[in-house]
Amino acid sequence: MSIQPDNDGLFARLRRVFAVLGFLYLGAVILLAVPWVQSHVVYMNALKLPWNAHFDAPERHGLAPGKTANIKIQTADNHTLGAWFILSDTIYHNLSFPPPPSAAELHISEAVAQRPTVLFFHGNAATRALSMRVRLYSGFTSRLDANVLAIDYRGFGDSPGTPTEDGLSLDARAAWDWLIAQGASPQDVLIVGHSLGTAVASGLSVGLSEDGVKFRGTVLMSPFSSLYTLIDTYNIFGVFPVMLPINMIPRAAGIYKSFLVHKFDTLSAISKLKVPILILHAEDDWDISHTHSDALFDALLEPYLPPVYSPSTSQESWSTQQWSEYHAQLITRRETRESLLTRTVIPNFGLMDQFDGFGERITLLKTSTGSHNEVGTLEGVQEVIRVTFFTPENLR
């Protein structure tokens, strides 16, 4: 006698599993509408990785002895930020080895006067001592031969307080002001942000541009165009679109996003930048789609493209002549875009598009590998940064 499979029991178990997943999803969605929960998810500053970090002993996190000064920076609203100032290799190699623990702090003024400095803003979660970020600093100080100032925002690492969008802007400006107070020339400072830090870097860069400050440039690594669009494109484990169930309900997505208390809208502000810009993204980034970098690059290119006008009536009622005129505008726009862009294919590495905007070079680099967190550590990426910002014609 053959045994028939219990399909009904299997389907019943699957229904229960999906019902549980549905309730969990609904609960998560409701919780994320609560500002306190939302802030913890956006910043994830409670994850103070590495645990028990030794901020006063950077050597224990992989940096060379005496190369890094553990400093404190005061903000305009009276918050104290923990930060590291790391000497460029040229400055460090001029010190006798092993240097005393206070060597870096004693040579900050000399370092900012003689070498460019990268002002680095990290992403959400963890601290400035995270190993991935330390690898970035090492690449900047060696391949770029630049000093590095890396801060922990309020609420991160050893910086007390609670992070907010406005608070992070104040933290960024305090870091800039500290560098200038040490004797750094604005034209010697390159502002670099990664992930969440790209919104912070963009905000500072726009503010400086509006103040008429001429600095070296801005680098956005793995950026997102805005928090609104990030939610639209975010996939759990790179597979499941987080907004898919909500988008199935008419107008539900718009209502839900109205509860967002954080904006981080880089897209609407980036066109105000008047400095060289490098946007870079890995195509295998599962956290933030590389289409966000495309959107930012397109926003910078948009002022140089001819507009496309369409009749105010519905497309179904367009005449043949109206369709012809509309397609002609699209062709002109595409040809103008192609004439403005210089495309460079880098074999086995990636693709680079460039154009000159506002008299400054704008670059989009998309690498085939690097994921979300490691793209900045790729030697090829650091070489593009060097060629873009640190070649002899860019140095004093």
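The backbone N, Cα and C atoms fix where each Cβ goes, glycine too.
All annotation found in TrEMBL is predicted automatically rather than curated by experts.
Marked as transmembrane segment by TrEMBL: 17-37. What TrEMBL lists as domain 'AB hydrolase-1' is 118-255.
In the predicted model, the domain 'AB hydrolase-1' (118-255) shows an average pLDDT of 91. Remark: secondary structure over the domain 'AB hydrolase-1' (118-255) totals 62 helix, 24 strand, 52 coil, with classes taken from DSSP.
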